[in-house]
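As recorded in TrEMBL, the features of this protein are as follows:
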BINDING   B:107, B:147, B:152-158, B:182-185, B:190, B:213, B:266-267  ATP binding site
DOMAIN    B:111-296  domain 'ATP-grasp'
């Protein structure tokens, strides 16, 4: 157990996107400074961070400089190159730990880990070649989804297989990468738990939000989600089980399918999560501050909310709706400082307050 | 009437203290960048701003560089040197306007302006020398307070006169500066209205907060304040009158004494105000974002709050209470990133949620 970080300390963040931006702002509220490591220039996080080391993840000298200037390191995305993490870890603590990253970087490892905990997951099988794929389809059936094991996000690196004859085309989409075939889960809706675990092992969860996706990208999260009291309890308990098993420190997003036979874990993300953005306007301590608190060894917030909230992502040209949103006093706007509104690009989000939490 | 600033634009802020820091964070939420002009290094605002021009207010080249890099200029304190404002104003709009600054930079001008609007203020008289002071005490009586006309804040540049024989000592405290004698107002408590006026002339006020001071520095603000419905309406109407008279754009803090015969204006501050910090955790759109919206020509938030709040300032060694506050889930911590906890120094504040607003 380490001492809590004192205000004035610096938190290093790997990745300079919108999650790093909102982590930086939350850190500033607790008196921390932030240093962003990000190869790209003019990145969203750099606008609000104390400093920005702009270098590729292969630049050992820059990584050393970064590590020397910070007191702890965290990350805003799960695909940080292993070699960079090896070097940083030899110099300064990384939170959440490497185990969480290793598990979530590989869909196959993740599924095996979750199954090993006794949690329900979609039927799955490893697919390295055509023979594997035929066997997997035999076992799991169609429709199913073929996904690359690594580096997938927002629906990228995925191919739907509606019938066995589509197998070859789907495999070609993987471009030779190791893949996993996942069977479909018959679910009514998706929810996610934003769970946090502190340095002392304490766990606190925000109430689950209900997610709606469009074209593979999160579109809307509403809190509270449609869940029975028993499902709500299950959701929180299974999230805690995952965090404890990984000796996790920080915030994790746990996506769950709601089915007639119970909750099925879709995936986990070892970081603050898009479906937790509602907490910025629904809670005293939001997911970003919760993550900073965990990583800094501070007590966690209790996850309570004062208001019900609907979070709406602004993807690409959705950002043109800002003038309308700005006229609505119940809507909080959160823009990421990205210059160009490309299709599929997350430009910002809005949180609409729905009234006091019951 | 100018077009609203587009996300991506840069807002220049004169002054790099905690108000500039929280304005920067609010601006980032709307996708704006900020550039801080501040002579001091490592200032609170620079930790979260895109850029920092570090130069004295007399450095014309630096002022020009600053003005050229921003789309609009605002300020976090009212004592910006006139020569700097003259130069900046020739290059880029300053909001709120110069009139508001001129009025609030001089206690005598301010009192005359407020009286001219028909608003009640404390009895006052200008004091340039001993003869003036004797006359003023004759007219106003004792106890009274002698204050420098300019550059006073947080109780500095003030001397209490309990009886006429203390006049000379009080005048010596002014060190030759022009002063104003103010009579005491018999008030039950102090409240403040955080009022905003947009570029189109629309006005929105947050519900008044009730202030408690300690040693001349704000200690606590509680919302809602103890006010009758009629007083609440009066408070908002008189604030709007002040803003309209100044053709004001931005947030203003209006401090009011509550007396048996009505509200008496204590002072006005042409900027975001310490007694409005509660809005960060009580409202969807807080005073900092409200100010940014006004300055950027955006629609204002409606000033509604979702929760009642108690704001507590952390002065000097109060910051040692942070570990305790961090264990309370109903408390939001806001630290300013100042290294040293000197006596009387504002280190941060906390907002405690008191429950849903009625």
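Keep in mind that glycine also has a Cβ here, set from the backbone N, Cα and C atoms.
In terms of local Cβ density within 10 Å, B:107 ranks first among the binding-site residues B:107, B:156. Sequence-distant neighbours of residue B:266 (ATP binding site) (same chain, six or more apart, CB under 8 Å from its CB) are B:122, B:185, B:190, B:255, B:256, B:257, listed in sequence order. In sequence order, B:107, B:122, B:123, B:124, B:140, B:144, B:145, B:146, B:147 are the residues near residue B:182 (ATP binding site), counting only same-chain partners six or more apart with C-beta under 8 A. Model confidence over the domain 'ATP-grasp' (B:111-296) is summarised by a mean pLDDT of 95. Neighbours of residue B:185 (ATP binding site), defined as other CB atoms within 10 A of its CB across all chains, total 16.
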